[in-house]
Amino acid sequence: MKHNFGAGPCILPKEVFEEASRAVIDFNGTGLSILEISHRSKEFEEVIAETESLVRELLNVPAGYSVLFLQGGASQQFAMVPMNLLPEGGFASYLDTGVWATKAAKGAKKIGQIDIVASSSDQNYSYIPKDFAIPADSSYFHYTSNNTIYGTEVFHKPNTSVPTVVDMSSDILSRTIDVSEFDLLYAGAQKNMGPAGVTLVVIKDELFGKSGKTIPTIFDYESHAKAGSMYNTPPVFSIYVSMLNLRWLKAKGGIEVIEQENIIKARTLYDEIDRNPFFKGTAAVEDRSRMNVTFVMDTPELEAEFLALAKERNLIGIKGHRSVGGFRASIYNALSISSINALIDTMREFEERKK
Ligand code: PMP
């Protein structure tokens, strides 16, 4: 059995893959593949409606918000957010906590004016800046709640009265959040929601038309909301598999239950990193992500040796991103504690060999 610690696309529950594979051949006894039915068919309308209602239920989305299924990944949101929310002459505030946050800010800079309220680039993004001021006249404030590459996470929304936009690509559905604290949240699906190809956007309807600009229809949130995410052909299969995954999450007991599991999984792994003399964590302890656990060794030679052992033990995808080096274990919702234990056993085996 392989233990998939990949950062995304990543592990999804096996039963989701099994059901999805059956639907590729015969979707719900229709004699047709999910890949060939019309997105306007009654069958697919039921799929998208159930996916939306599961998102609303699991995230407890309040009234007055639209739930959209878009394309172009989270990266497209780096442009769509300022296109839709930044008026002529206005400016938006961004918190810089790593590669994705920087890309979001750069994307916005092409559309209008931005202000970086704080950055942790001085320490290779190993912590989350805490004391910073968000100008009250910002059109909106943007941050990344989980920094997939650096293994840091923002657990509490920074305090501000300006509309807040959050990129939750790598921690959506992993912990309870209060959606009403946010004006717009988005997430590429390919971590905890489903396969790549669909992007979840949850937006307060009041934001429609906020920039006062003429936006190409395909980039206008309001046009997608009015069309029920069917302005153009949606990513049918990605939405379908997301629905199966959301059903799985609901059957498990929802986000409160998975959050407790995620807390235990992360704690178990960080405890070993802190105990084992060969490894050390890279993120500030108080900002450690529960989704992406980053750690290193003292010498690159030993790292190569550990990676080789990990491969032998069927641990997949633990090589760290080049910006941090070392290792990164992505421990999303579908990764079981038994995979965490397999990694810990391998770390202990390595320690035994080396001491
Ligand atoms: N934001 C975050 C936090 C991410 O982790 C990623 C991808 N790993 C992105 C944005 C970019 O997502 P996409 O590839 O869907 O554009």
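Keep in mind that glycine also has a Cβ here, set from the backbone N, Cα and C atoms.
Residues or ranges marked as L-glutamate binding site by TrEMBL: Arg40. Sequence annotations record features per position, and here TrEMBL assigns pyridoxal 5'-phosphate binding site to Ala74, Ser75, Trp100, Thr148, Asp167, Gln190, Asn232, Thr233. TrEMBL lists 4-342 with the feature domain 'Aminotransferase class V'. The feature N6-(pyridoxal phosphate)lysine is assigned by TrEMBL to Lys191.
Classification of Asn232 (pyridoxal 5'-phosphate binding site) by DSSP places it in coil, neither helical nor stranded. Within 10 Å of the Cα of Arg40 (L-glutamate binding site), the following binding-site residues from the list Asp167, Gln190, Thr233 place their own Cα: Thr233. For ligand 1, the neighbouring binding-site residues among Arg40, Ala74, Ser75, Trp100, Thr148 are Ala74, Ser75, Trp100, Thr148, by Cβ distance under 6 Å. Following the DSSP three-state reduction, the secondary structure of Asp167 (pyridoxal 5'-phosphate binding site) is strand. The Cβ of Ala74 (pyridoxal 5'-phosphate binding site) has 23 neighbouring Cβ atoms from other residues within 10 Å, across all protein chains displayed. According to DSSP, Trp100 (pyridoxal 5'-phosphate binding site) is assigned to a helical segment. Across the fold, the C-alpha of Asp167 (pyridoxal 5'-phosphate binding site) and the C-alpha of Lys191 (N6-(pyridoxal phosphate)lysine) stand 13 Å from each other.
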